[in-house]
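Written below as structure tokens is the structure these notes are about.
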Amino acid sequence: MSSNALQWLTLVVIIWLQSVNGTNTTFPAYSPQLKELLSMSQVKLNNLSFASDAGKLFGFFSGMGALYLPLWLVLLIGSTLGFVGYGLQYLFITHQISSLSYAHIFLLTVLAGNSICWINTVCYVVIIQIFPSDHQVSVGLTTSYQGISAKLYTVLVDALLFSPDKRAGTYLLLNSILPLVVCVMAAPFVRDVKAGTSKNMKAGFIVMFSIAIATGIYAVISSLGSLPSRLPPLGNVIGISVFLLAPLAIPIAEKIREVLLNGEIKKVYMEKNVGDDRVERIESGIEEGDDHRRENEVNVKEEIGVMSMLKRVDFWLYFFVYFSGATLGLVYSNNLGQIAESRGFSGTSSLVSLSSSFGFFGRLMPSLLDYFLSRTRYNLISRPAACIAALMAPMAGAFFLLLNTTSISLYISTAIIGVCTGAITSISVSTTTELFGPRNFSVNHNVVVANIPIGSFVFGYSAALIYHREGDGDGKCMGMQCYRNTFIFWGSVCLFGTFLALVLYARLRKFYSHRQINL
């Protein structure tokens with residue numbers, strides 16, 4: 001297969017990997033049933049949510065693996081960890097094994113959470129290698145599909161489920177099997193990754209973004225109350241499957257185009273003047289101004305190792321900005337099942353699907369904007385910090401809006417938090433690369449996201465304690481008082497994170513202005 005067609009096909013494969021890799025996002029959909037089946041308190045249930053995120057504390061192992069092991073092996077290691085972690089939990093939930101204690105369940109959840117890091121690392125490394133000039137856009141585009149994982153799994157569970165009391169087991173079964181199957185299929189595509197070029201990519205990216213936007217619109221509409229009632233569960237599965245298969249049209253069209261071109265007489269330009277050189281450059285898909293853009297990207301990147309990174313003030317600002325933004329949003333989504341239950345809201349699955357769908361849009365939008373802005377001479381470095389600050393302000397407002405008792409406020413707040421969390425997560429990938437360089441990205445970014453389990457413990461455990469204190473004797477809490485103080489605390493933390501993001505933006509703007517980069 002030709003270079004361009006293989007590039008696009010590999011990108012499609014990475015999209016499929018990311019679509020099934022967000023297994024931890026399904027936890028709020030089945031956590032209430034899991035709590036009932038295992039007779040756990042809210043504190044113990046929160047500990048399992050923390051355990052899923054705690055796997056990221058060991059994410060640097062996947063980064064080291066990507067440096068010294070074949071990428072296909074790293075991918076299979078990740079999928080195997082998830083298969084074991086979720087698979088044994090499934091066997092326990094379905095009473096096929098009975099010797100697992102709570103500590104065993106906790107460790108298996110950590111193992112399953114760590115599996116996501118291995119698959120993520122492979123996806124990032126492969127995309128950065130095959131799209132060297134457009135890696136920010138392509139990484140953001142593929143990462144956005146992880147935001148649709150909860151929607152995908154919920155649709156599959158609705159189609160496969162015949163008994164409501166088996167919902168938790170069905171989620172665990174899919175979490176264990178589906179990533180393993182997709183990883184085995186994807187392994188040949190990451191086996192021999194070569195650096196790609198950026199020829200004739202503009203049309204492909206435009207089509208890819210159009211498909212992604214259509215996918216997000218379908219996901220949002222099908223998550224609302226009206227459309228699912230009209231479509232049978234199998235219809236939802238077919239719909240989401242069609243949208244996930246649609247990107248295959250790009251590598252197929254690229255292959256057809258190249259076959260047709262190879263059948264024609266190739267024009268050879270012998271002239272050596274500047275004008276003919278420009279013609280050759282345009283025919284090869286390199287537009288004027290691309291060299292300036294690429295040189296800017298290369299010049300501003302500074303390769304920094306993990307130990308040097310930890311000594312920088314900018315890293316710690318960035319670390320706590322992420323901690324009080326994206327991490328806080330993930331903690332909210334992890335607790336969404338209990339939040340909905342405490343407010344007397346029965347449609348937990350649709351709420352989780354809505355959060356997932358808006359998270360998909362949130363992850364996609366920065367990549368879409370970055371693609372078009374990167375064609376200009378607009379600075380790509382200090383802007384992400386300002387974008388994060390702009391996203392965290394409405395996110396803080398959404399937490400305070402949750403103090404309203406109406407269902408519509410729950411929907412609106414969930415959508416806003418989903419969009420903002422997804423966008424910050426997407427922006428952080430390119431921000432880590434731009435701040436600390438792409439060479440050590442696999443290790444550096446895993447260090448950055450290590451704040452997720454820390455935040456999951458701090459924010460989640462405090463929420464669980466408040467829930468337990470306000471609840472009755474059987475461990476359940478019903479009413480707004482269950483999470484009122486939690487929402488106030490989370491909103492205040494998010495506001496403080498907005499201030500830190502502005503400080504980071506100011507520092508980066510000042511630093512790069514000294515390097516004479518046009519802001």
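In case you wondered, yes, glycine gets a Cβ from its N, Cα and C as well.
Copied from TrEMBL, the annotated features are:
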{"type": "DOMAIN", "residues": "7-252", "note": "domain 'Nodulin-like'"}
{"type": "DOMAIN", "residues": "298-513", "note": "domain 'NFD4 C-terminal'"}
{"type": "SIGNAL", "residues": "1-22", "note": "signal peptide"}
{"type": "TRANSMEM", "residues": "67-93", "note": "transmembrane segment"}
{"type": "TRANSMEM", "residues": "105-131", "note": "transmembrane segment"}
{"type": "TRANSMEM", "residues": "171-191", "note": "transmembrane segment"}
{"type": "TRANSMEM", "residues": "203-221", "note": "transmembrane segment"}
{"type": "TRANSMEM", "residues": "315-332", "note": "transmembrane segment"}
{"type": "TRANSMEM", "residues": "352-373", "note": "transmembrane segment"}
{"type": "TRANSMEM", "residues": "385-402", "note": "transmembrane segment"}
{"type": "TRANSMEM", "residues": "408-427", "note": "transmembrane segment"}
{"type": "TRANSMEM", "residues": "448-467", "note": "transmembrane segment"}
{"type": "TRANSMEM", "residues": "487-506", "note": "transmembrane segment"}
Query - Long-range Cβ neighbours of the transmembrane segment (67-93) (under 8 Å; 6 or more residues past either end) - result: 17, 23, 34, 37, 100, 104-105, 108-119, 121-122, 125-126, 168-169, 172-173, 175-177, 179-180, 182-184, 186-188, 190-191, 193, 442-443
Query - Two-stretch contact, the transmembrane segment (203-221) and the transmembrane segment (352-373), at least three Cβ pairs under 8 Å - result: yes
Report task. State, in range form, which of 315-332, 352-373, 408-427, 448-467 has the highest count of Cβ pairs under 8 Å to the transmembrane segment (487-506). Result -> 315-332
Query - Considering the transmembrane segment (408-427), which listed stretch of 105-131, 171-191, 315-332, 352-373, 448-467 counts the most C-beta pairs under 8 Å - result: 352-373
Requested in this report: Residue list, the transmembrane segment (315-332) vs rest of chain: Cβ under 8 Å, 6 or more residues beyond ends.
Outcome: 53, 309, 339, 385, 388, 391-392, 395, 399, 417-418, 420-421, 424-425, 428, 431, 435-436, 448-449, 451-452, 454-456, 459-460, 463, 490, 493-494, 496-497, 500-501, 503-504, 507
Query raised in the report: Apart from its near flanks, which chain residues at least 6 from the ends of the transmembrane segment (352-373) lie with a Cβ under 8 angstroms of it?
Result: 22, 25-26, 28-29, 134, 136-141, 143-151, 154-155, 205, 209, 212-213, 215-216, 219-220, 222-224, 333, 336-337, 380, 383, 387, 411, 414-427, 430
Query raised in the report: Given the model, what does the mean pLDDT over the domain 'Nodulin-like' (7-252) come out as?
Result: 84
Report summary line: Under 8 Å Cβ-Cβ from the transmembrane segment (105-131), and at least six residues away from its ends along the same chain, one finds 7, 10-11, 14, 17-18, 21-24, 38, 47-48, 51-56, 58-59, 61-63, 65-66, 71, 74-75, 77-82, 84-86, 88-89, 92, 137-139, 142-143, 146, 175, 179, 183, 190, 193-196, 198, 201, 429, 433, 438, 441-442, 445-446
Requested in this report: Please give the sequence-distant neighbours of the transmembrane segment (448-467): residues at least 6 beyond its ends with Cβ less than 8 Å from one of its Cβ atoms.
Outcome: 42-43, 45-47, 49-50, 52-57, 59-60, 315, 318-320, 322-324, 326-328, 330-331, 334-335, 338, 342, 428, 432, 477, 482-483, 485-486, 489-490, 493
